[in-house]
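These notes concern the structure reproduced below.
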Amino acid sequence: MPATQRIPRVGFVSLGCPKALVDSERILTRLRAEGYDLSPTYEGADLVVVNTCGFIDSAVEESLDAIGEALAENGRVIVTGCLGAKGTLVKQTHPQVLAVTGPHALDEVMAAVHRYLPKPHDPFLDLIPPQGLRLTPRHYAYLKISEGCNHRCTFCIIPTLRGKLVSRPVSEVMREAEALVNAGVKELLIIAQDVSAYGVDVKYRTGFWRGRPVKTRFTDLVRALSELGVWVRLHYVYPYPHVDEVLPLMAQGKILPYLDVPFQHASPRILKRMRRPASGEDNLKRIQAWRAQVPELTIRSTFIVGFPGETEADFEALLEFLEEAQLDRVGCFAYSPVEGAAANALPDPVPEEVKEERRARLMQLQERVSRQRLARKVGSTVPVLIDQVAADHAVGRSPGEAPDIDGVVIVEGAEGLKPGDLLEVTITASDTHDLRGVPLQKAGRHTAPCPSGRSGLPRSGPSAGAATPAIVPGPSK
């Protein structure tokens, strides 16, 4: 490229869930591979790509606001993501946008970029690390194993936005996982709309990794990932019987003793209205069996209160479930209608004030449960992965905390530590959400085993090839 020709620059806004974040990482990686620069500001960009969320009304509003802000500050905007799949809403609200695509539409996004900002003549593939560009810190990464969903939950429109389940080839997933580990990643967060359904769409087709057959199946994939010697954390797992098969891997310390299972409710009547699997009673039995195998297991879940037709008796059944289940981490949402969802046609809507009152009661109960469960950890020693370092302390996470959605471990006396270090910490105090502790050893760098001590870690320190791209932040709300 002639020295006088300026490299075209693209701004980027990423909104939504970790699955959308992975889509953003793929787009950014492709942009850099084709020689585009990434602009940290709207003003410095030749155009802006906004990756949107469209799952619930508040997310739609946030996405539309972000598009409007990008148009006001830059004027040349390409929209992608879940909101782009919602018909003509984007164009109706912001007719000035250059192009609109749906989610996981890498080729369509790049075609739009090429149309309005021709790519440089010389791609810079050698500048891109093997693991691609990431929006997470160097020491952890989200690994998306499938797109779409085959469930037809009445409150959800994900199948409409992202299509049916499409599992990635197991060899492709494992190659990406190995590249991330080789780049210094110490924690892989496994995500999909339904991680436990992995491979159903291809009838568990056999793939190959390291010269041996591996089935495209949830349990087989997790078993292969457990061989990489890093933390493996499972998100968005449905309570199917075959999930029981990964518990021995947790008991052996090969993957983290952590399950993110969106139970959503406990009343059989409401679960049926939601078209959700299992029942509160079945789930309680499963939780008890899981904890019998892995006493240190952390279970996170989410629930919806105020779903159409939910009576006080249904809600009381949910509270009883939470009291008995003793879940470690819980998120709760007051039901909100989503355009296009089947639940909109259900009778007996719950008044808004009742929804909020029930949500407050549920969270009050759960805060007590969480406080009690965390208090049991005082005096124990746990491995902690450091995320941030301040002058007099560090902030990290144990196997019981996922980034962004759970609490943290505050480590006192953190001299010499840096993000990505892994050390053993003795827990000295707790509250409703967080733990506090001191290092078992004080040294510049630390390594620690996985929870049971049977699985070590690869070399410490991030790869020099890892990169964090410039990114225009979305609006704060």
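Note: Cβ is positioned from N, Cα and C throughout, glycine not excepted.
The feature [4Fe-4S] cluster 1 binding site is assigned by TrEMBL to CYS17, CYS53, CYS82. Sequence annotations record features per position, and here TrEMBL assigns domain 'Radical SAM core' to 135-372. Feature annotation from TrEMBL assigns domain 'TRAM' to 375-441. Under the heading region 'Disordered', TrEMBL lists 434-477. If you look up TrEMBL, you'll see 449-467 marked as compositional bias 'Low complexity'.
Positions of TrEMBL features highlighted on the structure.
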residue	record	Cβ neighbours (10 Å)
CYS17	[4Fe-4S] cluster 1 binding site	17
CYS53	[4Fe-4S] cluster 1 binding site	23
CYS82	[4Fe-4S] cluster 1 binding site	28
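Surrounding the centroid of the Cβ atoms of CYS17, CYS53, CYS82, where the record places [4Fe-4S] cluster 1, the chain contributes additional residues within 8 Å, namely LEU15, GLY16, LYS19, ALA20, THR52, GLY54, PHE55, ALA59, GLY81, LEU83, PRO103, LEU161.
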